[in-house]
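Annotated features in TrEMBL:
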DOMAIN    26-346  domain 'Aminotransferase class I/classII large'
MOD_RES   K210  N6-(pyridoxal phosphate)lysine
Amino acid sequence: MSRFWSPSIQSLVPYTPGEQPQVEGLIKLNTNENPYPPAPAVRDVLDQFDTSRLRLYPDPESALLKQSLAHTHGLNTNQVFIGNGSDEVLALTFMALLRQDKPLLLPETTYSFYNVYIDLYGIEARHIELTDDFRIDLSQYQQPNGGIIFANPNAPTGISVPLSEIRALLESNTDSVVVVDEAYVDFGAESATALIDQYPNLLVTQTFSKSRSLAGLRIGCAFGHADLIEALERVKNSFNSYPLDMLAQAVAVASLEDENYFRSRLDQVIATREWTNQQLQTLGFEVLPSHTNFVFASHPNVSGAELMAYLRENKILVRHFTKPRIENHLRITIGTDDEMQTLINYLQQHPKL
Ligand code: PMP
């Protein structure tokens, strides 16, 4: 800490550097990356890429990618926004739409990144507890004029809310901006993009990092009414935020073209998730119903911290949170079948399981 720092950054804790050790030989199940490579079309684009083009700046509009995303979701291009990962899209959303002079509702347990912006901008936020079974109860979210943000499926619980409940939320909060963070939606939840044409206050964010295996290129997007998208564009352009780089734009378009590969890998991750869920339950874990590429589990006999340390000793990384109510849980990313089998083997050998 330095006397030169702004007071608003003094409480900030760097988010994931410790979760991304740059060493080989670990089974990395801690940051919800996809265990499979991106679509073969991605490799083809990179193989054929004319490197002389790299001397030019990228298309600031990401026009081809916007068209492709608009087409995929049945929207117009002015309803699509592109950013460097959905973290950047969320950051710009806080600047442009979740106003500092208006209150914000969000779950007590959700993606921790939202609170970073709440603190940074001094937003008046009300955190609503999850239900006893760790669900988001949207009927409790009533905000006459401000903002609402939540992840669906939620993180780190993995539980999703059905579209009908999001529709009801939008019906009863017509004067608030409702942001639905769908980072994990492709793994089995219902997307709210279907509601965009009916609700001008809905913004949906998504990412290529998880279901499309492209975390390394930082590609995120948002869908919403043209007015909301324009607000994001204004902020992005005013701050001269970076457009998506040229390779990321080309790769993202290619990844959207290979729907069969996409579906088959999703099916594989979902099948492995259900297998892992069963195995953990057999070992006595309580596992929340997941619509994501991770499971959230706790065991009555062993603490989450102890289990995380035990797995770490055996070169398996999983995520543990110290937050009350979830401090005994582990968030375990779904890897390949072999990786999950290794995880289960080590857990079976734990003396208290
Ligand atoms: N939202 C949620 C709920 C997440 O878990 C993550 C990944 N940490 C993100 C957004 C950001 O993902 P990215 O910036 O890679 O698109």
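In case you wondered, yes, glycine gets a Cβ from its N, Cα and C as well.
A quick note: this is a predicted structure, and the numbers were derived from the prediction, not measured.
The Cβ of K210 (N6-(pyridoxal phosphate)lysine) lies under 8 Å from the Cβ of N32, E33, N34, A183, Y184, D186, F187, T292, N293, each of which sits 6+ residues away along the same chain. When pLDDT is averaged over the domain 'Aminotransferase class I/classII large' (26-346), the result is 96.
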